[in-house]
Every structure is written in C-alpha cells, then in structure tokens.
Amino acid sequence: MSAVMSSSRFGTPDQIEVLVHLEPLVREQIELHKGGRKLWFPNDLLCADEKAGEETEAEILRTRDAARGIPDTVRVALALNLLTEEGLPHFHRLIAVYLGNESPWSTWNNLWTAEEDRHGCAMRDYIREVRILDMSAFERRQFQYIDAGFEPEWENDPYRLLAYTSLQEKATQVSHSNTGRICGQYEPRGQRVLAHISADESRHYAFYRAAFDGILKIDTNRALNSLLKVATGFAMPGHAITGFDDMSEVLRRANIFGTRQYQKILEELLEFWNIGSLTGLNDLGRQCQEKLMKLPARLARLADYADAKTVKRGFAFDFIYNRGIEI
C-alpha cells in the first residue's frame, strides 16, 4: 500500500486510491517542473550582502526615490499580494493534511513551499527597501491574518484542493503580473521582482492543472462536482485578512484583479480540461458540466453589472497612513 493511502487524512477510500494512482504523474510533473525552472533567490534581485559596495547603496537610494511615485492603489495591491504570500504556513498545512505526508504529493508540497517561501521574502525585501508602507501597521495585519487561520469549506475533499490551487495559482500570477506592469511605470525593480514571482506561479499553475486533469480522466463525475463547488464560490486565500473586501475592491477598480480576470482564468481552464467535450457522464456529471460551461457568461454579466454600478468612492488603509484613495 502506498504511503499516501495510510497517511492521507482526507478523502474517501476511492478518492485516496485515485491519488495513489496519480503518483507516477506527480513524479513526472515534478521532473518537468525542475527541468523548466531557473532557480532564483531574493538576494539576486535586491542584494543585501555585507560586501555589496557603494554602487549597491546608491542604487537602493535611486530605487527608493523612484518608488515615491508609486500610486496608493498599487501600494494596496502590493500589500494584499504580500499578505497573501505570507499565508504560506496555512497553505502548506492544507496540502499536507489533504494529500498526505509520505508520498510524491508531499515531495511536491515541500518543493512548492520552498519556492513559494522566496516570494514573500522578495516582496518584503523590496517593500522594506523602498519604504512605501507603514510596516508596523502592515505587520500587525499580517499577524492577525496568520493568527486567524485559513479553513476553506472543502468538506475533506482532496479534489477541491487541487481544483482550487489550479484556479488560485493562475489568479495569483495575474494579480502579480498586473501589479508589476503598473509598478514598472514608476519604478522598474518592483516589476522585476513581481515578474520573477509571476513566472514561478505560472509553473506552479501548470502542475496543479495537470494534477486535476489526471483526476478528471479517472473519476470524471466526482471531479466535475468538486470543480463546480470550488469555481462557483471561489475566493482568494487572503479573504481572512482584515480589510480584505476593501482591498480587493481597490484592485478590481484598478483593473488589477477582480471578477473579469477570474472569468478569463476559468474559461482558460475549462478549455484546457475539455470540460464541454466530456462524454459518458452520469446525471450528476452532466448537470455539473452544464453549470460549469454557463459559469463564465454568468461571471461576465456580474463583472459588467459591477462596472456599470461603480461610482467613485473613498478608501483608507492604515498601512498607507490612512491617506484617502479616490477610485
């Protein structure tokens, strides 16, 4: 019996058997992932060596001066994205308890965690260096977030975890990429940091997308049901952050991330997984398939409605000294 069979805490016996069956795929995807990456470290992007030299110090001062022009909307996005990255302890734990501690799944979890750990470090290094936030206020918010825990309503279903991570990794990539694109108009090093992180998220997305594709091929009807439950109630992992709704609304209004971006992500995944072309389904599977294929159009209508109803309003956050943002 595979170790995941005995160590996995969540999932029905049939689901756990599917996870065991997919272990060769997981090993293959890990090797593909390693072969396609160029490992980087935060110090490669923002050198903090003792012997860095005067030019490095001068570059930091130039970067800090340029970063003063970064708009508060982008600072909110940087803060929310960093807070989300700092939730890594929650995410590692969830993957461990859903997929087990002694299998190729745990090998991936450890590798993924090691790579993700650099993201929070690199973003924090940058934000501290350029001094664009009230770090004391930010750190209190981070403490509250991690202290609050993260317990998504997945009902012990490992398929939902893999559906969620497929959506979430792509969403994180899009949010980082769009934040970096705007940041780069004012200060290029921030964009460079976020580009490295975004590229990692894209590779992580490829792993989870392939893993869920494997589940769809083996346990199609139940996988469709799990995907539907996740896709219809999707929320970014930072939703337990104090002020998350207002921060997310700023990102939506700034066209960094919101319902419209999520709609495009879902469409991309539905096409990759060939959801609309699946055959041989039972009644539950067909119902889920139909609802999933209608969901992007529903999300587009919601995005249109939100845009039409949007009027300029004010926001204030302690981590930017409660300066008013009108957007």
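Even glycines carry a Cβ here, placed using N, Cα and C.
In TrEMBL, annotation is done automatically, which means it is predicted and not curated.
All protein chains considered, the CB of GLU116 (Fe cation 1 binding site) has 21 other CB atoms within 10 Å. Here TrEMBL flags GLU85, GLU116, HIS119, GLU201 as Fe cation 1 binding site.
Sequence-distant neighbours of HIS204 (Fe cation 2 binding site) (same chain, 6+ residues apart, CB-CB distance under 8 A): TRP112, GLU115, GLU116, THR165, GLU169. According to its DSSP assignment, HIS204 (Fe cation 2 binding site) is helical. Sequence annotations record features per position, and here TrEMBL assigns Fe cation 2 binding site to GLU116, GLU169, GLU201, HIS204.
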CB-centroid shell, 8 A cutoff, Fe cation 2 site GLU116, GLU169, GLU201, HIS204, site residues removed: TRP112, GLU115, HIS119, THR172, GLN173, ASP200, SER202, ARG203, TYR205
Neighbouring C-beta atoms (10 Å sphere around the C-beta of GLU201 (Fe cation 1 binding site)): 23
Fe cation 1 site shell beyond GLU85, GLU116, HIS119, GLU201, criterion: Cβ within 8 Å of Cβ centroid: LEU88, GLU115, ARG118, GLY120, THR172, ILE197, ASP200
